[in-house]
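Asks: Annotations per TrEMBL:
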- B:22-41: transmembrane segment (TRANSMEM)
- B:61-84: transmembrane segment (TRANSMEM)
- B:96-119: transmembrane segment (TRANSMEM)
- B:139-163: transmembrane segment (TRANSMEM)
- B:175-201: transmembrane segment (TRANSMEM)
- B:213-235: transmembrane segment (TRANSMEM)
- B:247-267: transmembrane segment (TRANSMEM)
- B:297-317: transmembrane segment (TRANSMEM)
- B:329-353: transmembrane segment (TRANSMEM)
- B:373-395: transmembrane segment (TRANSMEM)
Amino acid sequence: MGAAALMTMSDDAKAATEWAEHFQGNYRLMTPEEKAEARTRLERRYSAEYGKKVTVDGTEAQPGVLMGYALNVRKCIGCRRCVKACVEENNQSRGKNPGERIEWIQVLRMERGEFATDKMNHGYPEGLGIQVGGNAYTPAGQVLEGQYRYEPEAVPEKDATYMPIACMQCEKPPCVKVCPVRTTYREADGPVVIDYNWCIGCRMCMSACPYWARRINLTNPVLPKEEMNPVTHYLGNRPRMRGVVEKCHWCLQRTRKGRYPACVEVCPVGARKFGNLLDPESEVSLILARKNVFRLKAELNTFPKFFYFYD
Amino acid sequence: MEKLIGFTSDYIRYVLIGGQKFYAWMGFLSVLIAAALYGFYLQNTEGLIVTGMTSQIHEGLYFANLVFLVGVAAGAVTIVFPAYVYHHKGMHEVTVLGEMLAISAVIMVMLFVFAHMGRPDRLWHMIPYIGIYNMPGSMLAWDVLVLNGYLLLNFICGFYYLYAKYTGGKVNNNWFMPLVYISIVWALSIHTVTAFLISTLPARPMWFHSMMPIRFIVTAFAAGPCLIILAFLIIRKNTRMWIQDDAINLLSTIITWCLGIALFLTMSEIVVELYARTEHANGLYYLMFGLHGLTSLVPWFWSSLAFMIIGFVMFLVPGIRTNYKLLPIACVLAFSGIWIEKGMGLIVPGFIPTPIGEVTEYYPTLVEVLVTLGNWAAGFFILTILLKGAIGILLGEVKYESGTAAKSGDLAGSSQAAAVGSK
């Protein structure tokens, strides 16, 4: 009886808050009062929906902070613990069907075999003198869909190297430029975020992203109540809805509170480093100063704040 | 004001009454529209998961048709331009029919926008003042601006002209002609901006080249007139409206030129991309030969190329071009060839492989096919009504004087007989 009453109450709360959500404005342009109101509304809806106390944080960017990320490609063993930790921390959809399964981090597995000796000497003209070109017919890093979700017996595999990628939090993000409603934007402390309630689902940002960092919620996210992470941020890991785009935001719910992103915390080999680019003594700044560092697809002038390095 | 009320009521009365053929055609379209509405309902309750789109290939049939139909809308300028700039008499008589086609095509584009969106309920977020309109940064915002502007221009030009014909008054050229000239340039702008929409994304190397806008425009000026010629031939056969041969012949000439240039640009792209065969050519390579054993678009590409080449040869031969029995075949070939090339053949391979190298394929679902058919049906529904009304006024069957007499029901009966299925 009590449970039934609670159920109906929560349904009412859900309906009322969803109705109000339809009319709220763009989060960035709201007054502090409106922001607080929007968050309380969401807290009420999420708490009813997931049957536990859910908090929606709104901590703003701190002055003097510019978040930066560095990843040691030499150290990564391809265990994909970061992928799993990210999904659990950030309330991604985790259903059985392909369209219900969202992972923000991809660990690209590259076979060393691409550069094997038997593939090397194929550039010399053959037959009619047509140049065929080395190992050009098996371009490195090109795979069939789903092959990035490799499930090896043990890692690291002998004949593979790994290259984890996620949102690069570009300084000149192409996704922000193309958004027709400015629902995605760069926060003052660096990360590019999305107001999930303002997104119209046009997917221009997904076309514009050179790193395939963005995912569309093709259906209502599959997020079991017991697995839902109740500590959320409005621009971060709060549960999304059908038809909107989502991506990595460097765990705003954690990093704005002085914690590391989930992927950094879980990495067993310490390949992932995170810190303040404006602080010359931070780990990330020291890596930029002392290591061999590169950015992915630097030729596109997106200026990622996600750096790769090797010892 | 009384004239305007008369115009509206006479127009509506005229377009709603027709013969058996007319009702059968409209009924058939309505069934398709109803099916599409159900598909649209599914998409907005279940989500886009009922379509074949994924996070890898997130633009499919809807976006492809959207891009193609912007071209059809722009193609209407192939009537307006010769009529007003070169004072082509045959064209001048039927200009308004081109404007009606443009209106229908833009409405179809908007229907496809609704079908494409993940959250169509939030489209109001784009309306300036109550929402945010990301100008001048977002190319999509520019596209919305030019498309709505084009719809408005064609609506004003078309219906003002019809209204003047209806009342028997003269067209006020002081403001009508400037609007016509603006709409000619505007027609170019809608397809240019739509090309920019996809060609300004370095993340998608297949689209990232400056040839896109001109290629869009020439294919539009080939596909648009193809549809117009087909409509003209149907009108000549089924109504008392006579469209002059030299209007149709001029359209065929325009198609011949534009189709030739389109084929030349396709050839240029293939040579440039495949000569060096960098990884940036993977999209085109997938389209032409398949990649990693995935080949679902290969037959589409080659059939599109065959359609366009056969169509082009048919248009080149004067004996076929001026033979109105064979001309429709050439038109259908060119139209469907361009529909494939600019639709599925351009949009889908842009996503294959993805920026991180995943090769995956896209198969439209039944829901997607139904919604697409329904949107086309809705477009033809509107086009039929607009053309019927315009023809009635051009023929003088709907006139201001007769507007009062029409209430007797006598004229309604005669116009019904005259406009048997004026599709």
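Think of each number as a place in line: the chain as shown, counted from 1.
Glycine is no exception: its Cβ is also placed from the backbone N, Cα and C atoms.
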Asks: Restricting to the same chain and to residues at least six past its boundaries, which positions have a Cβ under 8 Å from a Cβ of the transmembrane segment (B:329-353)?
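Replies: That would be 56-61, 63-65, 67-68, 71, 198, 204, 206-207, 216, 219, 222-223, 226-227, 229-230, 255, 259, 262, 266, 282-284, 286-287, 291, 294, 297, 300-301, 303-308, 310-312, 314-315, 320-321, 359-362.
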Asks: Going through B:22-41, B:61-84, B:373-395 one by one, which has the most CB pairs that fall under 8 Å from the transmembrane segment (B:96-119)?
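Replies: Highest pair count goes to B:61-84.
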Asks: If contact means at least 3 Cβ pairs within less than 8 Å, sequence distance 6 or more, would you call the transmembrane segment (B:373-395) and the transmembrane segment (B:175-201) in contact?
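Replies: No, since the transmembrane segment (B:373-395) and the transmembrane segment (B:175-201) share fewer than 3 Cβ pairs closer than 8 Å, they do not count as touching.
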Asks: Against which stretches of its own chain does the transmembrane segment (B:247-267) lie, if we need a Cβ under 8 Å and a gap of at least six residues from its ends?
Replies: 78-79, 82, 88, 90-91, 93-94, 211, 214-215, 218-219, 221-222, 225-226, 228-229, 232-233, 305, 308-309, 311-312, 315-316, 321-322, 324, 327, 331, 334, 338, 341
Asks: So if I exclude everything within five residues of the ends of the transmembrane segment (B:61-84), which remaining residues of that chain have a CB under 8 angstroms from its CBs? That is, six or more out.
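Replies: Residues packing against the transmembrane segment (B:61-84) from afar: 51-52, 91-92, 94-95, 97-99, 101-102, 105-106, 108-109, 112-113, 115-116, 147, 150, 154, 177, 180-181, 183-184, 187-188, 190-191, 194, 198, 216-217, 219-225, 227-228, 247, 250-251, 254, 338-339, 342-344, 346-348, 364, 368-369, 371-372, 375-376, 379.
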Asks: Against which stretches of its own chain does the transmembrane segment (B:175-201) lie, if we need a Cβ under 8 Å and a gap of at least six residues from its ends?
Replies: 67, 70-71, 73-74, 76-77, 80-81, 84-85, 102, 139-140, 142-143, 146-147, 149-150, 153-154, 156-157, 160-161, 207-210, 212-213, 215-217, 220, 346-347, 350
